[in-house]
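Novice: TrEMBL lists these features:
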BINDING   C146, C164, C173, C208  [4Fe-4S] cluster binding site
COMPBIAS  845-859  compositional bias 'Polar residues'
DOMAIN    7-311  domain 'Helicase ATP-binding'
REGION    845-866  region 'Disordered'
Amino acid sequence: MPEILLNNVPVRFPFEPYEVQKNYMQKLLECLQEGKNGVLESPTGTGKTLCLLCASLAWLEMKKAEHRAKVLASNLSEDSDNKLLSSISSQLKAAVGGMWKQGNGIPKIIYSSRTHSQLSQAISELKRTTYKHMKMSVLGSRDQLCIHPEVSKETNNNNKVQMCQVRVKGRNCYFYNQVETKRVDPDVINSVLDIEDLVKLGKKRTFCPYYMAREIRQDADIIFLPYNYLLDPKSRSAHNIDLQGNIVIFDEAHNVEKMCEESASLQLRSTDLALCIDDVTHVMEKLQELSESNLGSSENALIPEDFSPEDLYILKTIFLELEKAVDEISLPADGTGVTYPGSYMFDLLQKAEITPNKKYIIVDLLEKLIQYLTMNSTSPFQRKGSGLQKFSALIKTVYSKENFSVSYMELVKQCYKVHITAEEKKKPQAKDGWNAPKITPINAKTGKVISYWCFNPGFGGTLSPLESFTSELKIPFPIKLENPHVIKPCQVWVGTICKGPDGTILNSSFKNRDKPEYLNSLGSTILNFSRIVPGGLLVFFPSYPQLRKCQEFWQGNGIWSSITNSMAIFVEPQTKDGFITAMDGFYEKVRDPNLKGACFLAVCRGKVSEGLDFANRNGRAVIITGLPYPPFKDPRVVLKQKYLDEVRSKSKTGLSGANWYRLEASRAVNQAIGRVIRHRNDYGAIILCDKRFTEFGFQNELSSWIRPYMKTHEAFGLVLREIIQFFRVAKSMFPEPDNIDKGPRTSGSSIKIEYEDSKSLPGSSAPVAAHAFQQPTSTRSFTSSFVKKEPPKHPAFNEFMTAVYKPQKSVLGEENASSDATPKNIFAALEKRSSSVLDFNSCQTNEASTSTKSSNENSIPKRKKIKLISQSEKSLNSFLKKEETSSSCLSNSSSLNQASSNVAQCSTGESSECSKNELDDLKRKKITSYLKEVKSHLSGEEYSVFSEGIKHYKRYKDVDSIIATLLTLFGKKRERRILLLKFTLFLQPDHRHQLEAVFHDIVNL
């Protein structure tokens, strides 16, 4: 495994890292060595997870080595010679940095991501590295880790926690009791285990995976966990997570600010208070029954000892007083609600005599009641204290600080808002995607919803735009990085489509999104793309209501069924079980060789858009149907914008409310776009189907790696041609990963020859493109030496070796006859000692080699140098000669040279005056001259596009496609336009007038 030295730290990487990966690891090491915060962005597919793991664990190895060196030095006597140890210690100190004090011990790496599926991907990356020997642990919830047959069946998470804690406290859980003895099991402490692995091992060895993960965490070097465990103070406390002196890594951190705000916010409804009162009343009645049944008996075992009837009376009085205070809040008749500063919550709770110094007493009593209700519930329909759980969370959130100073109260007043609205008895289905508040008649009995919202994430992966991210968190980030992508321009197509196939403007704004003509045009647009995208097509909508609206409309007008003729369609469900089923079905249809692919309709900010990997064929194109702005009239959105404007007016820095609103949409788009192009050899199309994407301000908010490739298209037909050509070229240059090595090739790697799927081109086996033989930094041509030996067993190599060692004909006529045949596979493109084969890699004729032909053509050498030429260029040579010979006349344009005229005369009835050799010589010179001129104007990637276009025209006679290709290559630059006209020589006679007309249109512009 390669080892590189970055910032004095030797880092072992699974392969030779790319330059962007080195830059990323250097910035991470800089953060660790200087003890500073950093925000590092790198596009999806650049291997940032692998970089984070390798660099951080490499640094931790140095830190542990430094610690051991200091311990060893302290044990040596002062008279001993420890020059070597001093030298090693100084090198280790340079690698570790001077910001970490020895007294703090060895830090742990806390690696967090948004979801457990993302953590599983990170753990699988760790298994690929040489750092898999380091101790690790992964934390999860009881939902994922509990294997107790009764507790695991509980659907409510809070109830599950209570049931588990009671059994653990009473030592009644067999699996928990095995943790202490099984924690030294080699399979536990010496293995890299994700959630699924830990559960399987727990069932096999009969220990509790949940508590085992917490147990081995104590000695772990790196701990994996979802970042809500870190950001939510309640979760952090429940899992005993200590951040002090440790290294915290947020991977896929685009959602951190929102998670910070959510963890410090909550809602309480009047129905929750009513449930609290009923729960307390139920327990009081239960105690009364127990007291009466035990009257006169000496045994009171059934009566709980954790709380008394007096405690229940006091708690019920508190709830009744709070309910009364909430009922007295007056609301406007229009149903818009009323908003107060954050400090209003303190005043409201104080009316029920709930103060900070009573917090622990009330919370402790609530926890005991919840546990009692949970354990004494024998039916899922019985009370389990859900209302009490919400009220306990309210007390913990509002009174999260130990000491309430005047400055803290002022901060709460600014950063929090209390919004109170009428509670709907039954929520009707939203009529639109904005979730506009519905007007509810207000009366004395109407319930209320009290929202306690935090608008400052600093209070409690794709990060673009970075300034927005750092501005909202209110944390200094002195070290920043915004990496480019590792892919080449030919691997991505990015474009904004302003109009659909029928010319209707694509605009998903609130005023336009429900119009039938827009819905029809958008459906036709997706239908067209479903016919040309090979593999998985992801379509993202701004909201679930908009997705449902489009689905109903397309099912009614036939577009839906038309799409299913090309692809199977899956719709993102909103339930966990349904989502897993849909994803499994999607992947299955993508892999089905009898289908073109599958289409997945999803929502920005949904599960599909965040955290899932659609690499290779699973995600060849992503369509964004509109800008996913937050609901404009939503009270929380309105208050957030107002808060930001207030802060900006005072500090003169930070985001404005309008900028935040727009950035919320761009972040969601960036995250959805990141589902495709997941590694260096992947490719895909990014299609933005909304005219508003052309706005300059929005383009600047897209990820930096996308901006250089952005195009705007008014004509839908040209878009289809470009995307067809894009996938044709990309497929030949980047075969599916099943047919190529997964790791990157180095300069010393061997050549691997594979075939593409023969079904891709009807009527013939698909040739392997010359790019399949190229190293990442090599030129288009290279030579390799082969020693004659027994052919390998693999059929492809048998065919290759047979072609190499087949004896050549000694008769010149037979040799020429065989050389004109069209090559049937890639091995026929190997350079033969024949005067009729042209090497288009060097654009030289074979005249120079004729002098050595006679001495070698009858012998079979033991060592033979073989020069590989592109199959596309070999086909190009065959095509150009064939089309020129079969033409009845040549272009009369004055721009054609005299050689063209001579060939024309020979091909129009005067061939009797020209010898066959002279005609062949003219053909070769003309083809060589034209290709030399083409290659002098085009880059290597452009020449590949040119060659692929020729192959397609030769096979399908698609003149529109070849003209589109030529226009892309030659039409934009004035000095290239003559090459466009010269190509008319090689078109079929009935196609030439189209290219000539296009040429004259360009010239006359």
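Note that Cβ sites are derived from N, Cα and C of the backbone, with glycine treated the same way.
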Novice: Might you list, by sequence position, any residue in that chain lying six or more from C173 ([4Fe-4S] cluster binding site) with a Cβ less than 8 Å away from its Cβ?
Specialist: H148, V151, C164, R167, C208
Novice: Give me the non-local Cβ neighbours of C146 ([4Fe-4S] cluster binding site): same chain, 6+ apart in sequence, Cβ-Cβ under 8 Å, ordered along the sequence.
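Specialist: Listed in sequence order, they are S152, K160, C164, C208, P209, Y210.
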Novice: Relative to the Cβ position of C208 ([4Fe-4S] cluster binding site), how many further Cβ atoms are located within 10 Å?
Specialist: 25
Novice: Give the sequence-ordered set of same-chain residues, not counting C146, C164, C173, C208, with Cβ within 8 Å of the centre of the Cβ atoms defining the [4Fe-4S] cluster site.
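Specialist: So the additional residues around the site are R142, I147, H148, V151, R167, V168, F175, Y176, Y210, Y211.
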Novice: Including all protein chains displayed, how many Cβ atoms other than that of C164 ([4Fe-4S] cluster binding site) lie within 10 Å of its Cβ?
Specialist: 21
Novice: The domain 'Helicase ATP-binding' (7-311): mean pLDDT?
Specialist: 86
